[in-house]
Structures are given as structure tokens and as C-alpha cells.
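Positions annotated as domain '4Fe-4S ferredoxin-type 1' by Swiss-Prot: 61-91. Residues or ranges marked as [4Fe-4S] cluster 1 binding site by Swiss-Prot: Cys71, Cys74, Cys77, Cys81. Taken from Swiss-Prot, the feature [4Fe-4S] cluster 2 binding site applies to Cys109, Cys112, Cys117, Cys121. Under the heading domain '4Fe-4S ferredoxin-type 3', Swiss-Prot lists 140-176. Annotation source Swiss-Prot lists [4Fe-4S] cluster 3 binding site at Cys149, Cys157, Cys160, Cys164. Per Swiss-Prot, the feature domain '4Fe-4S ferredoxin-type 4' maps to 184-215. Taken from Swiss-Prot, the feature [4Fe-4S] cluster 4 binding site applies to Cys193, Cys196, Cys199, Cys203, supported by similarity to another entry.
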Amino acid sequence: MMAEEGNRNKSTSTIEKPERRLMFKQLTRRVGVAVVGSIFGSALLRSRPAPAATVLRPPGALAEKDFQSACVRCGLCVEDCPFDILKLASWADPAPMGTPFFTARDEPCRMCQDIPCVRACPTGALNPLLTDIRKADMGVAVLVDHETCLNYKGLNCSICVRVCPIRGEAISLKPIQNERGLLQIPTVDSTKCTGCGTCEKHCVLSEAAIRVLPRELGLGVSGANSAGRTPVWK
């Protein structure tokens, strides 16, 4: 009797030990994966390039440094955008993670008269004093590529002028004489342009010749183009 019980205990112990070893091995593997994942994730975030200077923010956004400090990444402005233009940046986007931005070439700001994104912001990162969408300053449109713009080739394209929400004020065609003759060149009035991106969205070229850039950068590019220098954003 005693011998049988001893054999049973020995048999049970023999079965339990491999199970415990398997559980320990699985636990060790999971911990290892978690540690490696954490290290890899941290390294990935550290290796991310600095946020691009070409990111476009919602209407009423404060200056970029102040905006990043005030924005709590709540996503309320994104939720309240009726056209789903705004999105929150992921780690792969050219903006700090969780901050709202839009890509004009994909979808421009529709310039809602009631500016719901501004009203939704709880912190003032989108300035509540902005009540007239025509006073928004999301950026400025710049003709960044004279070589591909159809008007510089002597053709008559006026798409960017015709689709502009502030038609006849923010962008117009100005006559310029060159070896090809009298050209009608898209010209942006930076004091009237809101940076909505409608012109960039509707440019008929595969890569838009006109782009919307944050105002400081855009004015620098415009000045470089006028002086015949290489645009600073390229």
C-alpha cells in the first residue's frame, strides 16, 4: 500500500515538472517579447524623422510651438469636422502623434462658416476668437513648380483660380511676357489666401504645381521663386 502511494506521488511529480517547465518557458518567452517590443518601439520613436514643416493645421491653430503645447490630443476637432478632412497623426505621419492635421492634396478644408472644429477645441489650441473663416490662416498657396504649370507652358489653365473659395481675391491670373508670348500666370495674394488647399487639390497635374504650405515657409518659398532660387522646402 505504502509502495503504491509512493509510486503514484512519484508519477504525479514526474508529470507536473514538465508542465511547470513549459509554463515557465512560455512566461519567459512572453516577457522577452514584451521587453524586445518595448525596446524596438522606443528605438523606432527615437529614429522617427523630425516633424515636417509642411504640416497643415485646422483653422485657428496657434503658432506651431504654442499649438503643440496647448493641444491635448483629444480629437474633438476631428470628430466635429463634418467632412472628415481632419485626422489625428499616427507615428507614421509627418506631425507629432495625436495632433490634428489635414493633407490638402487629399482633401482641402471646406471652410465651414460656423467653423465647428474651432468651437470643439477645449483648450484654445484652435483660437476661439476666429469667427470669420475668411480670416483663417492655415497656410498660403505657392506656385512651387513653374516648369510644370501649364500656364508657364503657354497653355490656358485657370482651374486653381476658378475653384478658389475666395474667388477673384486670393488667387488670380496676371499677365507676364516671356519668349513664349504673353502668359497668364496664377498669382496668390498672401493677405487673402486662407491656406484651405482647394487649389492644390484640384490642380490637374499628377503632382500639383501649386501647393499650400504653412505661412512662414510658404512666403519663404514664394520669395525664393521670385528671386530664381531653389525653393527651400524641397
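The backbone N, Cα and C atoms fix where each Cβ goes, and this holds for glycine too.
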Which binding-site residues (Cys71, Cys109, Cys112, Cys121) fall within 10 Å of Cys160 ([4Fe-4S] cluster 3 binding site) by Cα distance?
none
Using DSSP, how many residues in the domain '4Fe-4S ferredoxin-type 4' (184-215) fall into helix, strand and coil?
6 helix, 9 strand, 17 coil
Cβ-Cβ neighbours of Cys74 ([4Fe-4S] cluster 1 binding site) (radius 10 Å):
16
Measuring Cα to Cα, tell me the gap between Cys71 ([4Fe-4S] cluster 1 binding site) and Cys203 ([4Fe-4S] cluster 4 binding site) in whole angstrom.
32
Rank aside, I only need the closest one: which of the binding-site residues Cys74, Cys112, Cys117 has its C-alpha nearest to that of Cys203 ([4Fe-4S] cluster 4 binding site)?
Cys112
Taking the mean position of the Cβ atoms of Cys71, Cys74, Cys77, Cys81 as the [4Fe-4S] cluster 1 site, which residues outside that list, in the same chain, have a Cβ no more than 8 Å away, listed in sequence order?
Pro58, Gly75, Leu76, Val78, Glu79, Asp80, Leu86, Leu88, Pro100, Cys117, Ala120, Cys121, Ala125, Leu126
Could you tell me the mean pLDDT the prediction assigns to the domain '4Fe-4S ferredoxin-type 4' (184-215)?
96
Among Cys117, Cys149, Cys157, Cys164, these being the binding-site residues, pick the one whose CA is nearest to that of Cys196 ([4Fe-4S] cluster 4 binding site).
Cys164
Residues near the [4Fe-4S] cluster 3 site, Cys149, Cys157, Cys160, Cys164 excluded, by Cβ within 8 Å of the Cβ center?
Leu143, Asn151, Ser158, Ile159, Val161, Ile171, Pro186, Cys199, Cys203, Ala209, Ile210
Out of Cys112, Cys149, Cys164, point to the one nearest Cys193 ([4Fe-4S] cluster 4 binding site) in space (Cα versus Cα); all of them are binding-site residues in the record.
Cys164
Cys121 ([4Fe-4S] cluster 2 binding site) and Cys149 ([4Fe-4S] cluster 3 binding site), distance between Cα atoms, whole Å:
38
How many other Cβ atoms are found within 10 Å of the Cβ atom of Cys121 ([4Fe-4S] cluster 2 binding site), counting all protein chains shown?
22
